[in-house]
Amino acid sequence: MKSMLLDLQNQKYITHNNENPNGDDIFRKKLLVDELFKYFDADSNGLVDINELTQVIKQEELDKDLSGCTLYDLLKYDDFNSDKHLALEEFYRTFQVIQLSLPEDQKLSITAATVGQSAVLSCAVQGALRPPIIWKRNNIILNNLELEDINDFGDDGSLYITKVTTTHMGNYTCYADGYEHIYQTHIFQVNVPPVIRVYPESQAREPGVTASLRCHAEGIPNPQLGWLKNGIDITPKLSKQLTLQANGSEVHISNVRYEDTGAYTCIAKNDAGVDEDISSLFVEDSARKTRMY
């Protein structure tokens, strides 16, 4: 019956407008359902009741042949909220016109995960009778690929990454199949814990010379560096003699003294974790040491 009603409405549209409805099948179906509802809703109050259905039956002589059905069956089976009226949204559901939505503030989503963890990207495209969700990356449909690390899209259309690596960084898009114009973009960021190395690991210096301790750290995002001497932050003690250089990755001590001896710990921190390493400095007078022996 429903397909027959749409066919009748299509013929009316062609007769009235002297042309076929433009657009693809999805657009055309929605247009016909909109026109059908407008025709049924004689008083234009946004609701179709039994009296209006009776009026349409008489006008169109639809009591003769609707495959054993009647227009009253619309109220019987498709009045989803049981208020004895049919609203436009109920017409959409009845004729399977898909209405999708994507909130403006969710068109772009940023997700971060740490290397080795799992991650879930959820698609915010919503709507009754929503078709399956399609995921793309670099213009390639991921649903068609048999990937070990991206292997389960689930009933809700989410994208599951079982073990995150830096190769997963980038942009992903999702949309309902057949509705590519309504899409959400996911920026997927991968955090990598810091890995740190100091050099030299140990050094001996004569009093009065300059000593340098360097720290190299890698990670995503770039780690923030800090230095401790014997477990105490050196920042309050910075001076002309004790300086930090190269964005905090190097400690320079000019005119070293015996009290500068110690364990200098470089600490690297980012959103994914912390790492540290120790560079030891010994200040000793080699001539004095030789005389002692």
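Quick reminder: no glycine exception, Cβ is built from N, Cα and C everywhere.
So that you can see what the record holds, here are the features copied from TrEMBL:
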type   : residues : note
DOMAIN : 28-63    : domain 'EF-hand'
DOMAIN : 103-176  : domain 'Ig-like'
DOMAIN : 194-279  : domain 'Ig-like'
Confidence over the domain 'Ig-like' (103-176), expressed as mean pLDDT on the 0 to 100 scale, is 89
Looking only at the domain 'Ig-like' (194-279), what are its DSSP counts of helix, strand and coil residues? 6 helix, 52 strand, 28 coil
Per DSSP, what is the residue count of the domain 'EF-hand' (28-63) in each of helix, strand and coil? 24 helix, 2 strand, 10 coil
Residue counts for the domain 'Ig-like' (103-176) under DSSP, helix then strand then coil, are 9 helix, 28 strand, 37 coil
